[in-house]
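Following: one structure in structure tokens, then a few remarks.
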């Protein structure tokens, strides 16, 4: 008589919502993560505001900020330090946090919209298009009727044109080709860089040339309180709208046929999101120039921790991007002080090795292994 021996069942690790293993699978853990990241961001902002050519301790920095917010008194011998802290560094650091948050969220949205893990505003030429629009308005004096919003409007127009060009050129027989998308984006980015070179060549003076180079390399040297209201409104409202579209991004990432079967119109959703992404990118480029790798790398890092559901990713990615950009900006203005390194140099030095390391790992990249 023969007996059959069954092989023991192989244990399968339990996977929580959105493909997250372990303790980060619960909503409470996600909320705690967001709270801790927000506290880290607050500490990073205070530390970054206090560091520079004139070093101020975190405690003194907090005192100056509290005095500025509440109308507290500052001694006559502290007025210079107070002006440095409140008028120069604070708007710069806050702007860096907003741009970092916006770039990370836009990267998440673009990667889902086009189903390509290599997509981000810089790779797809959207940032370059926005830079051309901003520079063209600045050098030619166009859109003068819009006043202080002229540069942002020009950047938005450039980003929108670039987005629709890369999207239209990448569609093959009604379907979006991820490979064609990246190739088209790279080609358009090179084309926009050529346009920037032409603008530099024909720039009327050295000041205009400096503006062009500023938008090419990225930086927050021109940050001011006047720029914060528009950037804050667009980025924060944009983040809220993207979060409301989290389910649509989940569905779009599955493919157009699946999205249509689930009641989502891929073309309509993609078009509306494309306009929103272009608006956010244009406003950010208008104040910071084109900054690479943030929108590419941050979404991947976040997905490794919280999973691929976009409601979770969009809750965490902006905070991670904000913290990252605050510290990158701090490095850019302190490493070779009193000179500043272009932000794009530091983000590339950090982003390239991190991204190569991420791509060598399996199971985290959007769109497959």
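Backbone N, Cα and C atoms are what each Cβ position is placed from, and that goes for glycine too.
Note on the transmembrane segment (29-56): residues 23, 62, 64-65, 81, 84-85, 89-90, 93-94, 96-97, 305-306, 312, 315-316, 319-320, 322-323, 326-327, 329-330, 333-334, 337-338 of its chain, located 6 or more positions outside it, place their CB under 8 angstroms from a CB of the stretch. Here TrEMBL flags 29-56 (among others) as transmembrane segment.
Summarising the annotation, TrEMBL assigns transmembrane segment to 93-110 (among others).
For the transmembrane segment (149-169), same-chain residues at least 6 beyond its ends with a Cβ under 8 Å from one of its own Cβ atoms are 114, 121, 124-134, 136-138, 142-143, 176, 180-181, 184-185, 188, 192, 230, 270, 274-275, 277-279, 281-283, 285-287. The transmembrane segment annotation in TrEMBL covers 149-169 (among others).
Feature annotation from TrEMBL assigns transmembrane segment to 181-203 (among others). Tertiary neighbourhood of the transmembrane segment (181-203): same-chain residues 114, 116, 118-119, 122-125, 128-129, 131-132, 135-136, 139, 158, 162, 165-167, 169-170, 209, 212-213, 215-216, selected by CB-CB distance under 8 Å and a gap of 6+ residues from either end.
Residues or ranges marked as transmembrane segment in TrEMBL: 223-243 (among others). Residues 87, 91-92, 94-96, 98-99, 101-102, 105, 108-109, 148-149, 152, 249, 273, 276, 279-280, 283-284, 287, 311, 314-315, 318 of the same chain lie 6 or more positions beyond the ends of the transmembrane segment (223-243) yet place their CB under 8 Å from a CB of it.
According to TrEMBL, the feature transmembrane segment maps to 273-298 (among others). Sequence-distant contacts of the transmembrane segment (273-298) (same chain, six or more residues past either end, CB-CB distance under 8 Å): 95-96, 98-100, 102-107, 109-110, 113, 118-123, 126-128, 130-131, 133-134, 151-160, 162-164, 167, 214-220, 222-223, 227, 230-231, 234-235, 238, 241-242, 245, 248-249, 317, 320-321, 324-325, 343-344, 347-348, 350-352, 354-355, 358.
What TrEMBL records for 310-328 (among others) is transmembrane segment.
Annotated transmembrane segment per TrEMBL: 340-359 (among others), in sequence order.
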